[in-house]
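Student: So TrEMBL says this about it:
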type	residues	note
REPEAT	2-41	repeat 'WD'
REGION	157-179	region 'Disordered'
REPEAT	205-244	repeat 'WD'
REPEAT	246-287	repeat 'WD'
Amino acid sequence: MAEGHTKPVLCVDATDELLFTGSKDRSCKMWNLVTGQEIAALKGHPNNVVSIKYCGHSGLVFSVSASYIKVWDIRDSAKCVRTLTSSGQVFSGDACAAASTRTVTSGQGEHQINQIALSPAGSMLYAASGNAVRVWELSRWGVRGVLGGLAGDPRVAGPHCSPQGPRAGPEGAGGGPGLPPALPLQMFELGEGVTGTVGPTHNFEPPHYDGIECLAIQGDVLFSGSRDNGVKKWDLERQELVQQIPTAHKDWVCALAFVPGRPMLLSACRAGVIKVWNVDNFTPIGEIKGHDSPINAICTNSRHIFALSSDLTVKFWSARRLPSRPR
């Protein structure tokens, strides 16, 4: 178990050697998974850190807070080398360093960034905010295009490649209690030379009955988890719903992740429970009581499963100890 944050832990990323966490305490922490020690604290965020990604190709860490994405070079004293904004601006160094108190509102023309995702090669960064997803080309630190036509607060899944070329998304957005059914998942086709504003090429139906909280994508299979307590399995090639479990959990489904090397999906909920599913036939295999507080995010590396919670801790389990068949 990793402890050190002073407020709920909201986001996580991991390699086989390093763990990265972000929290409501406005900081990120970097942990050495070999020794179990905290090795760096990335501070100076204007508000909660809601998304964090590490790029193994460049050695850069991207952390999201309010309308900013801070870019950290962990090879150079874990220094903030650039700051990106939701509107597409780029600043050299740390543009948030002067924010000693919590910033509640965004600047003019800026919006809260909900989530980020990196392309497999680490060359593109996708940032979801407002009603669009901005596509950053990291080789030149510029915006290549915008995925538009969204409503609500979008979430972005990692892009994947198909015979037709790279696809971004899908994105999901939706209402809340008492609102109409959530908006559908949307898919975008991104060709090599695509620039400007790109509209969705497909809407996945039927939608969840409440807002989508999490997405997990592997090959041509996508899983979506929602505040309606359900999980849906989609086929991206056939562009259709394959299976759904409306009562996958007894509370909001807050996080999804795949177990590397095994046909398993993990889902986690606000009640602190992690469930294990067979990816192929979407049947339950087992469950873990992860935390007594809501689980905010989960991730995996080749050996471990990580779950972080509002109880300020990150817990991890050996992936080899997961059941391989229903108990």
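FYI, residue positions are counted from 1 along the chain as it appears here.
Yeah, the Cβs are placed from backbone N, Cα and C, and that goes for glycine too.
Predicted, not measured: the structure shown is a model, and the values here were computed from it.
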Student: Please give the sequence-distant neighbours of the repeat 'WD' (2-41): residues at least 6 beyond its ends with Cβ less than 8 Å from one of its Cβ atoms.
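Tutor: Residues 47-54, 56, 61, 63-65, 72, 74, 78, 102, 293, 296-304, 306, 308-314, 316.
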Student: Between 0 and 100, where does the mean pLDDT of the repeat 'WD' (246-287) sit?
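Tutor: In the predicted model, the repeat 'WD' (246-287) has a mean pLDDT of 95.
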